[in-house]
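J.: Please see the structure below; I have some questions.
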There are 2 protein chains.
Amino acid sequence: MSHRSIDSTRLLGRIAELGAIGRDAEGRLVRLAASDSEKLGRDRFVSWLEDAGLEVAVDRIGNIFGIWNGTGGGEKPVMIGSHIDTVINAGIYDGCYGVLAGLEVIQTLKSEGLEPRRPIVVAAFTDEEGVRYAPDMMGSLVYSGGLDVTAALKTVGTDGTVLGDELARIGYAGSRAPGFMTPHAYVELHIEQGPVLEREGVPLGAVENLQGISWQKVTIDGDANHAGTTPISMRRDAGYAAARVITFLRDRAKASNTPTVATVGCIAFEPNAINVIPSRATFTVDLRDPDEDRLKQEETALAAFLELLSAEEGVGVSVERLARFEPVKFDQAIVRQIEAAARDRGLPCKRMTSGAGHDAQMIARIAPGAMIFVPSRGGISHNPKEFTADTELVAGANILLDVICGLATGELPR
Amino acid sequence: MSHRSIDSTRLLGRIAELGAIGRDAEGRLVRLAASDSEKLGRDRFVSWLEDAGLEVAVDRIGNIFGIWNGTGGGEKPVMIGSHIDTVINAGIYDGCYGVLAGLEVIQTLKSEGLEPRRPIVVAAFTDEEGVRYAPDMMGSLVYSGGLDVTAALKTVGTDGTVLGDELARIGYAGSRAPGFMTPHAYVELHIEQGPVLEREGVPLGAVENLQGISWQKVTIDGDANHAGTTPISMRRDAGYAAARVITFLRDRAKASNTPTVATVGCIAFEPNAINVIPSRATFTVDLRDPDEDRLKQEETALAAFLELLSAEEGVGVSVERLARFEPVKFDQAIVRQIEAAARDRGLPCKRMTSGAGHDAQMIARIAPGAMIFVPSRGGISHNPKEFTADTELVAGANILLDVICGLATGELPR
């Protein structure tokens, strides 16, 4: 039994080549959205699209599309997408892998003379990382109608620039209306950015949903008093109260036997002096769960605990909501096609939840979609140590090939 | 029954006057040791010593002494002391109250024609606060032989200056050898800087001991991973481990039914990002107890808990000792004289422990000593809101008057 295969040398070469573009003076990979260095990456990607004979389209928010109409012109396309902007001091796989594998899949099917019933499109969405312009996943959010393009273009960045100006300056303020193609289906191939596949020794993930996210900032107010002269019973210690919230969240998540995760990533005490009881503790709470009801339960449990804490410790508590996204359910048929393709190639595949946000969750608003994950060494991402083995990258791209082929032709994967 | 009394108008006026010296552009009281603004405070204090007809002596570390030899020349003196340097944005009572009450006591006894058997001395020790030059209580530490004066003068400050150069520059690099007078007894009157006297409605504290202090910096190392993609069971969360230490310390101190206090005043997470599990948490531990054995037990319990935590959470733990002082026991006879003086004036007086460090703990190395506390409104100190009512300030100074009179004459207080 023989399978189609992407050109692994070409794919891996392009990942390395794109990963070398946008290095700063210290050698760090920094391709922030719509920056000069990202322009270099965009230009290289567009040149590859042109070399592959694809039609290149850019929409008003700067999303780039490589379109192979082939024999399917006029039908809704099958879309493969991700992003090529990066965080500061990034690895080379996050986003870029999915975009370049998408191009690779189209180029492979095209060179094999496939006659698809639908166009196949590869998309690189603008500003997925959101480091320079908030919110993240902006290009796919605008494309799917979740944010007005005119408003989005006015976004002021962390460096004081305006997104629309910067896109025009680098030559990527396109003319197409975001959403100009409604996908028949959407598939995104991505590194897991978590440790699950590696720890379980499974090379592939069929991502069936994406966690809902609740971000809150909690401020606890007590009294700053002398650490030596204030008896324990007379304290209103904001730092101790914060510590109780941290242990509450973690112990609850651990005991729950659910996929709920809870993280306190940021903290600050005031006045932050060794011999002064903290008068204020400020910290963030990141709650995630693939089930909306359970995520709401967790939020409610936190609120109830904060109320109890306020009474028990005599501290003031205030909560600010920073972000809230409902969980996303991907398309079950596409998830099953991913599993079938893996089975057909004799590769183990795990149904899983995405803990991170991806463009796929935005495009899921307008089209059936799903994601394919490959392992991340040590679960590390957003870091130069981000790593996935070449064999795993190639295996993931071949599964993408099979699934896209099936979606574009109606063939079952083989 | 009539009692001697200090001149309350003069004392309160001087406290206010000294408190107005060294205000910065924002009106904050900032008289850091050996600074230009502290020179102004020293100059005013010296002018008051001269006005009172006292001999002024300055030693090599800049400690200022106002000496009334009176009829007691040649004998070991009774010394009253504290400090006039301040923290940044200080209140007006901390230290200054004790120094100015000491001068007031001498001036009162002198003007009444008392014929003491011993000289009476008021001392203002250099750099008690330690904000500009570490360690704190440096002037009294050097005076009592705990630190070599030559080494102390070489201390480099937080602003890069050298203490010895600064003392010379402001004209307070004296010629007397630190320790040139060995006190017969030492008494320090101070605001409590804690909430106990106010909460208990007692106007006076007879301070019989001073807590031992153990300062440690704890660093916990885990793994920075994505807050969404890393299951709870796969985390090595340094922030959660830190929170467990904070709750352990507080819950243990609260349950102990001892005067032990434990405070975590400083904390930092790395990378301190909302969606990243902390890879590192650094925090300080301030443990205090008036009993050395118990303080050691608390240190041992913390070390054992950190070892357990390291095993349970798979985190690295390292501990750096920042400071360690054994508890100080004051002189029981002087403590009883304070109590007797209060009883004689019909004022409630509570035997208590000092939770803060004071010059008295250093001078206790070379002479019998004790302290008198007056209430601090709300327990607040090191803050412009520091406050003690005038009547309480006057009552404390009169108790000091009685005790010093007794120590200098051999009379019992009345």
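Every residue gets a Cβ built from N, Cα and C, even glycine.
Model, not experiment: these values are computed from the prediction.
Grabbed the feature section from TrEMBL, which reads as follows:
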BINDING   B:His83, B:Asp94, B:His190  Zn(2+) 1 binding site
BINDING   B:Asp94, B:Glu129, B:His382  Zn(2+) 2 binding site
DOMAIN    B:211-307  domain 'Peptidase M20 dimerisation'
J.: Which residues of the same chain, at least 6 positions away in sequence, have a Cβ lying under 8 Å from the Cβ of B:His83 (Zn(2+) 1 binding site)?
T.: B:Gly95, B:Cys96, B:Gly98, B:Val99, B:Ala124, B:Phe125, B:Thr126, B:Asp127, B:Glu128, B:Glu129, B:Gly139, B:Asp359
J.: So if I draw a 10 Å sphere around the Cβ of B:His190 (Zn(2+) 1 binding site), how many other Cβ atoms end up inside it?
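T.: For B:His190 (Zn(2+) 1 binding site), the count of other Cβ atoms within 10 Å is 27.
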J.: For B:His382 (Zn(2+) 2 binding site), what is the tally of other C-beta atoms lying within 10 angstroms of its C-beta?
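T.: Looking across every protein chain shown, the total is 24.
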J.: Cβ within 8 angstroms of the Cβ centroid of B:Asp94, B:Glu129, B:His382: which residues besides those meet this for the Zn(2+) 2 site?
T.: B:Thr86, B:Val87, B:Ala90, B:Gly91, B:Gly95, B:Glu128, B:Gln193, B:Ser381
J.: Reported as an integer number of Å, what is the Cα distance between B:His190 (Zn(2+) 1 binding site) and B:His382 (Zn(2+) 2 binding site)?
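T.: That comes out at 13 Å between the alpha carbons.
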J.: Using a 10 Å radius around each Cβ and all protein chains in view, which of these binding-site residues has the most neighbours: B:Asp94, B:Glu129?
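T.: Comparing the binding-site residues B:Asp94, B:Glu129, the most crowded Cβ belongs to B:Asp94.
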J.: Could you give me the DSSP helix, strand and coil counts for the domain 'Peptidase M20 dimerisation' (B:211-307)?
T.: 38 helix, 29 strand, 30 coil
J.: Taking only the Cα atoms, work out how far B:His382 (Zn(2+) 2 binding site) lies from B:Asp94 (Zn(2+) 1 binding site), in Å, as a whole number.
T.: 8
J.: Give the helix, strand or coil assignment DSSP yields for B:His83 (Zn(2+) 1 binding site).
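T.: Coil, per DSSP.
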J.: Helix, strand or coil by DSSP: which one applies to B:Asp94 (Zn(2+) 1 binding site)?
T.: coil
J.: I'd like to know the mean pLDDT over the domain 'Peptidase M20 dimerisation' (B:211-307).
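T.: A mean pLDDT of 95 is what the model gives the domain 'Peptidase M20 dimerisation' (B:211-307).
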J.: For B:His190 (Zn(2+) 1 binding site), just give me the three-state DSSP call.
T.: strand
J.: Suppose the Zn(2+) 1 site is B:His83, B:Asp94, B:His190. Which further residues of the same chain have a Cβ inside 8 angstroms of that site's Cβ centroid?
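T.: What remains near the Cβ centre is B:Ser82, B:Tyr93, B:Gly95, B:Cys96, B:Tyr97, B:Gly98, B:Val99, B:Glu128, B:Ile191, B:His358, B:Asp359.
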